[in-house]
Every structure is written in C-alpha cells, then in structure tokens.
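Below is one structure, written out as structure tokens; the observations come after it.
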Amino acid sequence: MEAEQQKQQPQRPRRKGQKRKLEDEAAAAAIAAAAAAAASSLGSAGADDDNEEEDSGSAAPPEICCRHSHAALAREVRTQVDVLLRCASSWRRADRAAAKRATHVLTELAKNEEVVNAIVEGGAVPALVRHLEEPPAAAAAAQEDQQLRPFEHEVEKGAAFALGLLAVKPEHQQLIVDAGALPPLVNLLRRHNNKTNSRVVNRLIKRAADAITNLAHENSNIKTVVRMEGGIPPLVELLESQDLNVQGAAAGALRTLAFKNDENKAQIVQCNALPTLILMLRSEDAAIHYEAVGVIGNLVHSSPNIKKEVLNAGALQPVIGLLSSCCTESQREAALLLGQFASAESDCKVHIVQRGAVRPLIEMLQSSDVQLREMSAFALGRLAQDKHNQAGIAYNGGLLPLLKLLDSKNGSLQHNAAFALYGVADNEDYVSDFIKVGGVQKLQDGEFIVQATKDCVAKTLKRLEEKINGRVLKHLLYMMRVGEKSVQRRVALALAHLCAPGDQRTIFIDNNGLDLLLDLLISMSSKHQQDGSAALYKLANKAAALSPMDAAPPSPTPQVYLGEQYVNSSTLSDVNFLVEGKRFYAHRIALLASSDAFRAMFDGGYREKDARDIEIPNIRWDVFELMMRVCAGNQRNCSGCT
C-alpha cells in the first residue's frame, strides 16, 4: 500500500543569485564593492578583520557603474590572480598582505553569483588552491625574524572562502577538485590542534568545512573522494569544538557527505559521531540542532541498521523535542526523521506516540509552511499504520486538518495526507467520527493530482465500507437519529454509498435515511441537491441489483401499495413531477405513505402542497425513476425494497 516517501533532504542553505545575463553595471558594482571591502579590511596591516566574512552590502557609486565593463572585470580578476601566483612561496609581510588582499577581492567578487564564471575563466582556481597551504618553511627561515609568520592562517582562510563560493555552481566543483583542492582543505580541518591563535584558526576551519560542503553538494563522486582523502575523521572531531560556528560547519559537511553514500555513512558512525550529534540535538542554538538533525536524518535514510544504532543511542526523545522548536527548519527535519523511524520495518511507532509526538505533529499540519505540513503529514501517515496510534491521531483532532490538506495543489502533501487518513480509517472506534466530519464526501469530491493518491483514496473508501456493520453501524444510526441536521445528512450520504445492501431497509426506511436524502433534493443549495441525487442514484442501483431472495424481511410498518403497474402511470395520477422536461406520473396517497419527505411536501406548508405539476431540478431522469421505484418497493417489501 505505502509508496515510499523519498524526499531529498535539504543540504546546507546555499546562496541563491538571480540567473540573468551579466551586465556591465553588475560587473562594475562587483568590482567596486570588492575593492572597497578589501581596502577597508586591510586599512591597517595585520588587523583582525571581524567583518570581512559578512556579505558586503556596499554598492558602487553610479558614476563608477557606468564606466566599467565585463572587460574591466576580467582585468581585475587577472590582476588578483597574478598577485596570488607571485606571492605563493613568500612569507614576506608585504607579499602576505598582498595575497590576503587578493583572496579578499576575489571573495567579494564571488559573492555576486553572476560573475563567478568570469572569476573561474580568469584562472583563479589554481591560484587559490596554491594558497590553501602555507609557503614552505624554508621561506620562513629566510625572514629576518623567524618567529613571525605574518597573516598566519588568514591567507588560507581567504582562499578556502573564495573556493567555497566558486563551488556553489555545480559545473565548477570537479574543476576545483581536479586542481588539487581537497587534500589541503582536509589538512586545514586538522589545524584545530594549533593553539597559537584559536580564533583565527576556528574561522579558517569553518571556511574549509564550508568549502568541502559546497564541493560535495549533490556530487557522489566528490563525496567519495573526500572520504578517501581522510576528511571524515577530522570533521567528526570538530563536532566537539567549543566554537559553535565550527560545530555547525562540521555538521553541515557531514550532512552532505552522508546523503545517499553508504560508505560515508558507515565511516561517520564508526568514528563515533552519534553520541555527539545526539547531544547537539538538545542545543539551545537553532543552527546547531538543525544541522545535527539533518546529519542523523541522512544517516538513517534507507539504512535500517544505522537507524537501530541511532535509536539505541537515545535519539528518539530529543528528536521529538525538536517538534516544538522555534526553528521551522528543525521542526521539518525532526518530522521527517520521525517518519523514517516509524517506517514499516520499525517497531517504535507506538513509542513515538507515547512520548508525545502526535499533538505537535497535528499542530504542524496547520502551519503556513508547506514543507512543514508535508513532513508532519508524512510522519503521521507512518504512525497511522498502527491501530493504537490511529486512535491517538483522531482523538487529538487530526482528522479535520488532514482532510483539509486533500485540497492542496501540492501532490506530495496531498498524498501524505491521504495515506494518513487511510490509516485512521482502519480504526472502528473512529469510523463514525470520520463520517461525522464529512470525510467520505471529502474523499469522493477531491481532485487528486497523482494516481497513487487516487488509489489510496479508493482503498480508504473500501476500508470504510468494510467497517459499516455491527457497533459502527449502530453508532451511525444513532447519530442519524439524534445528531444535528448537518451530521444526519452526512451520515445518510455516507451510508448510501458505503452500506451493505442488506442493511438498506434498516437505514433508509426504519431510520428515515431516505427522507434525509430526499430533503437534499429540495434544498436551496445546489451542492446538497447534487449530493442527494448521487446518493439516491447509488442507492437505487443497489436496490435494482437485489434479487427477490436477497430482499430484507418485511417491515412491520403498515404500507400502501398500488402495484408495480402504477409506477409512472397516468392512471388515477393526481400529481406530476417534471424532470429534465419530461413528466413523471405519481399518486399522492402512495407517496404520503412511503416517505416523510413527501408527507411534508404534500401535507405541510410548502407551495407544492396543492400543485399539480412539481418541477424537480438538478436530477437526472434515470436517477429519479429509480428513486421512485425504490419508494414503490418500500411499500410492498419486494425485490425493490432496500
């Protein structure tokens, strides 16, 4: 029954730029912004540039924008590349300052995604890769003061930052790897052991981890190369960093490396990442628990053994706790992960509900965030395949929001909701509630986008039909007698479609269900008229299919029967119904005896009381004829009695 819900889990947020043609003004603005940022950050040599890593919001003056062109951008890139190549082997302060400035200018340019191609075409990649490593130690020994290493870690950080931005475009990922970037990037991750300037080192490590994330994003080959270069163990170690930015960057890289790569998943688990990741789930920092739940989600995806290890390590309760997070992204990832925990082969469905997951999941169904609704419906759909959980979902008010999601134009969201409703419909205790809130009509009237959803809805209706007996039927009949008028109508409409032929007399004659359907035909609402017409047609078809031996036992209620020959007969007819422009002959005395609805029409205050011709709109002739034969059959308890 269940179609495996394979939603690609989000990777680290990536910068999004508008995909439009490179214009002279955009290029000029990028050059001016880069130059201004570089000049500002390097105004005093050796200053610790706290703000250099933020996206520059500066814009070039209009007069500059008008003068620069694509050619100017290419010249600027070439200038900075030449500086990097010239200074690659030098520890001289002036050279290191120039290299730092060059990496910074290229970084500022690369923040404008429109000019990334021009940077790559200008030869920046190999030049930047060279600066992922420090100049040789021999170059430092040639310095007058061998103890000083100017801008130590900072040039490498700038190179890693720039390469990470260039790797945002998938077409550049392999080019950067082929230029030899991965080994030095992995080595940069290991600099956390260097205590000389922990702040600068942490920022360097963060940029290296971010670069690895962007290089490996949706690139299975590069993910494997990162593992072969030894990148996973240092990333796992960095999860325990005291710097939250480093923790988040390391988790983001592991999240990307784990997605759809079984060998990477296995190594991450073997490196004992799970205990730390589970601790990170409880972090008060939203960025930390978002990345941690993302890593765990990618680890367990399609990996039953890892799923068991994650559960055994104690992940269930902190994941449920994230359902109440103020971070929408963490809520979404937690719901997705709970849906994976509750997969068909898992035995923890009940545990998830017992630990308090149902109520927040139902609240998430009503979120304004489409993905949040989709993931919560996904989790509830998995949970609803357990009988006890079905009761919990219905009891906590899950039916109405799930039914509302059937109106969605999002195919995945619609299907997840339909699958959850399929599960809830299996619980006899809540079939009546399902019908009471109009669930059957919602399933019948829905416009479903994909065939899998249509099949799911058909099976749900079939499942409900199988439940209409015994105590369920008794409860429905009780509601049809004492419930509010709207509830009575919903029950009658549902039973017309779902009840067994043998129960039709009990429902529609002995408990006045037929009158409820006939009332709908004279309603001022066209929707009521259409629903009543469809229900009567369904009921009449069932009646016509019965043989005399199938007929129900006679009703003790006295009836008036004129004879089959008087159905639509002009003989002694005293009232005519006009249906689709055609005249249907009838007899008031027979209709008064057969139906409370007709009794009210002819013996009450309606205008039809004394009318000879009564128009019946919004019903097909064949439906009306079958309905009238049902009424005739109800008077004589023969094969037409249903």
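Yeah, the Cβs are placed from backbone N, Cα and C, and that goes for glycine too.
According to TrEMBL, the protein has these features:
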type	residues	note
COMPBIAS	1-11	compositional bias 'Low complexity'
REGION	1-27	region 'Disordered'
REGION	39-62	region 'Disordered'
COMPBIAS	47-56	compositional bias 'Acidic residues'
REPEAT	123-181	repeat 'ARM'
REPEAT	180-230	repeat 'ARM'
REPEAT	230-266	repeat 'ARM'
REPEAT	272-314	repeat 'ARM'
REPEAT	356-398	repeat 'ARM'
DOMAIN	573-629	domain 'BTB'
Intrachain neighbours beyond the repeat 'ARM' (356-398), with Cβ under 8 angstroms and 6 or more residues off its ends: 2, 5, 7, 320, 323-324, 328, 331-333, 335-336, 338-339, 342-344, 349-350, 405, 408, 410, 412-413, 416-417, 419-424, 426-427, 429-430, 433-434
Surrounding residues of the repeat 'ARM' (230-266) on its own chain - C-beta under 8 Å, 6+ positions past either end: 8-9, 11-12, 182, 185-186, 189-190, 192, 202-203, 205-206, 209-210, 212-213, 216-217, 220, 223-224, 272-273, 276-277, 280, 285, 287-288, 291-292, 294-295, 298-299, 301-303, 306
Helix, strand and coil counts within the repeat 'ARM' (356-398) (DSSP): 30 helix, 0 strand, 13 coil
Composition by DSSP (helix, strand, coil) of residues within the repeat 'ARM' (180-230): 40 helix, 0 strand, 11 coil
